[in-house]
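Notes for the one structure printed next.
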Amino acid sequence: VHYLLLSAPWSVLCYYAEELQLRLPLQALPNQASNWSARVLGRLGIRNVMAEEVPNLPLDYYTCQFKVNKLQWFLGSDKQDTFFSTTQRHQILYEILATTQYGRSKEREVGVDWLLSENVFSAAFPLHDGPFKLPSEESAPSNLNQRQILFQYWANWRKWYKYQPLDHIRKYFGEKVAFYFTWLGFYTGWLLPAAVVGTLVFIAGIFLMFDDVPAQEVCESKEQYRMCPLCKSCPYWQLSSTCETFKAGRLFDHGGTIFFSMFMSLWAVMFLEYWKRMNASLAHRWDCSDFEDIEERPRPQFTATAPMTIINPITGTEEPYFPKRSRHHRILAGSMVIIMMIAIVVMFVVSVILYRVVVAILLASSGYFRFVASASRIASITGSVVNLFFILILSKIYISLAHFLTKWEMHRTQTKYEDAFIFKVFIFQFVNFYSSPFYIAFFKGKFVGYPGNYVNFLGVRNEECSPGGCLIELAQELLIIMVGKQIINNTQEVVIPKLKCWWQKHRFHSSKKAAKERESEKAPWEKNYQLLVFEGLFDEYLEMVMQFGFITIFVAACPLAPLFALLNNWVEIRVDAQKLVCDYRRPVAERAQGIGIWFYILEVIAHLAVISNAFLIAFTSDFLPRTYYKHIYDSSLRGYVNFSLAHAPWDFVQHNNTACRYRAFRDPDGNFSSTYWQLLAIRLGFIIAFEHVVFFIARLIELLVPDIPESVEIKVKRERYLAKEALAENKVGF
């Protein structure tokens, strides 16, 4: 393996700094970083254990776009070695490498990325700032390099409860990485109140479970309620055999569920509103408020393959261009592929449903009491596990396909490219992850029919909810998919990079002689080459956004979801930090204005959560039927079990010589009873009332909380004033 160490002379750095519109400092300011929790604790006079002084804190600056002819007015321009930061040097060198032509122009053989894909080079990467391990002898914190500071004060497991050093992360990895960790930390902090409230609601469910009158009636009914068979060859069964399952259903299905659903819907809105404020503050402080609209340049890959050029209407410069009509045709063709992949996901979901039905029938007709009593639960749990494996396998296949389609669509900037890719994958993953929970929540047990006239799907009788209700099945599905995926992902993120690093080092050392190996240990580029390639933050964002969906869209079914999310995210922050600092080659620093299209996806999920929870409570939960029974018949709920069970039609009883009961509001002829229609009206009324109340309060919050904090608006006006003053004095040309 041969290495080329690249650097750029001062004149080249200045030329490309102006070409790339890099922002350089005019005037130094004290670092104005602050945290709302630190301010609150300070006002209350409570010691803040989360705060920690991190050495070499980067300064804030008033900045403007670099101009070579105004060089003398920029701060530190007399020190050529330190004027441009390390990350800015990396950006300039990558731009040169990414846009340099190496072959025939007709074949568009341009850029180091193409050379990497053709295996001409095996790697191209910026160097880390030395080792991450601390020196063995005691050294002053201020003498540590940037990588050691990040390892000691951020990627260290002992710092799990400390604030993240965001300005250090931004200085070393760039704005895009810094925004991800800022958002992840902000989201984790906001999960704390949601987890506390959710845990209290779950504990309330435990107490309600022991005092629940209908659950006591089921457990004490013995042979009072003979239930109709679950399939043609299945035996009759006693409702009392499902005592434990029925009790467990009360853990998640009680009055606290309504309060928590409303709480989480408003929590999601407030979280996004306050993130907007945080994003605006950081975008201004990190000098990227206008990045996407004005400063962002075309992607090097787009520049290399675009068929024509055009004048940019905003900047007035000539840029590569790809016709919109051609792009729209390609996007349309790609959409057909996405629809086909979504259809494949639906086929897998149907196969899992059929699997559950067949397994339930086989267990129920097996003759073993334990299997007969738990047939529905065993089928549901194993079905959830099978579904999880389908999800993980299909995800890997589709992400590769989405990469190919997005490259083919020829998007101009990196932001637009990433937004298009993210949108494709999210649509697919949304269907992939949420189709099974949506089926359990809104369709399972709703279109079953009645004894003697059951509804069939593909020749198999439709599934019924378990005796505890579909809500406990949904909670079980969520916990298996959400927690199972978290465990698998965290295991992969910890174990796989370590194994890959070990294999890379083993392969590297085995190919060298012992003498050369000892010498190579001293070369930093060889140490960096042994590390793994950084593949972006897409997987991390996707994991967190899907988690956000689980804790908001289906929160009515599982109040413990925010707690599991909080525990996972505490681990996630340090795992991701360790990967970046210790296991990965240093990425080229990229600028960003925020978290991009992920924010709009989160907004859609937050709105969908309100509708989903309203329907969950109305149609899947037993809350409204119980409330109806309390007000019309008996406030103690005595007799509710009998009220919720219908008698099998007379034709079915005569044919089988046995009377039985089933869960439904139907008359002896199998038609819907007046109670069913009254409950339907109540359910629809509840959905309308719930949605209107939550959306009204959410809209009120949006109006009361400004997107940009007042302090940031004042800073922006101050900078504009200084710019005018500078222009007036002919100091700096903006």
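Backbone N, Cα and C atoms are what each Cβ position is placed from, and that goes for glycine too.
Just so it is clear, the model here is predicted, and its values are computed rather than measured.
The domain 'Anoctamin dimerisation' annotation in TrEMBL covers 1-166.
Here TrEMBL flags 169-719 as domain 'Anoctamin transmembrane'.
Residues or ranges marked as transmembrane segment in TrEMBL: 177-210 (among others).
Annotation source TrEMBL lists transmembrane segment at 256-275 (among others).
According to TrEMBL, the transmembrane segment annotation covers 331-358 (among others).
Summarising the annotation, TrEMBL assigns transmembrane segment to 378-399 (among others).
The transmembrane segment feature in TrEMBL is assigned to 420-442 (among others). Long-range neighbours of the transmembrane segment (420-442) within the same chain, counting only residues 6 or more positions beyond its ends whose Cβ lies under 8 Å from a Cβ of the stretch, are 331, 334, 338, 341-342, 345-346, 349, 352-353, 384, 387, 391, 394-395, 398-399, 402-403, 405-406, 409, 411, 470, 473-474, 477-478, 481, 538, 541-542, 545-546, 549, 553-554, 557, 596-598, 601, 612, 615-616, 619-620.
Positions annotated as transmembrane segment by TrEMBL: 544-567 (among others). Distant neighbours of the transmembrane segment (544-567): 184, 187-188, 191-192, 194-195, 197-199, 201-202, 205, 252, 256-258, 260-261, 264-265, 268, 426, 429-430, 433-434, 437, 441, 471, 474-475, 478-479, 481-483, 485-486, 598, 601-602, 605-606, 608-609, 612-613, 616-617, 620-621; these residues of the same chain sit at least 6 beyond its ends, with a Cβ under 8 Å from one of its Cβ atoms.
The feature transmembrane segment is assigned by TrEMBL to 595-619 (among others). Proximity of distant same-chain residues to the transmembrane segment (595-619), defined by a Cβ-Cβ separation under 8 Å and at least 6 residues beyond the stretch ends, is recorded for 179-180, 183, 257-258, 261-262, 264-265, 268-269, 272, 275-276, 279, 415, 418-419, 422-423, 426, 441-442, 446, 471, 474, 541, 545, 548-549, 552-557, 683-684, 686-687, 690-691, 694-695, 698.
The annotation transmembrane segment is assigned in TrEMBL to 676-698 (among others).
Away from its own ends, the transmembrane segment (177-210) comes close to residues 37, 163-164, 166, 169-170, 247-248, 250-252, 254, 256-257, 259-260, 263-264, 267, 271, 274-275, 278-279, 282, 286, 537, 540-541, 544, 548, 551, 555, 559-563, 565-566, 569-570, 572-573, 576-577, 580, 587, 589-590, 592, 594-595, 598 of its chain (Cβ-Cβ under 8 Å, at least six residues beyond either end). Beyond the ends of the transmembrane segment (331-358), by six or more residues, the same chain brings 379-380, 382-383, 386-387, 390, 394, 398, 401, 405-406, 408-409, 420, 424, 427-428, 431-432, 435-436, 439, 458, 460-463 to within a C-beta distance below 8 angstroms of the stretch. When Cβ-Cβ distances below 8 Å are used as the criterion, the transmembrane segment (676-698) is approached by residues 261-262, 265-266, 269, 610-611, 613-615, 617-619, 624-625, 628, 664-666 of the same chain, each at least six residues removed from its ends.
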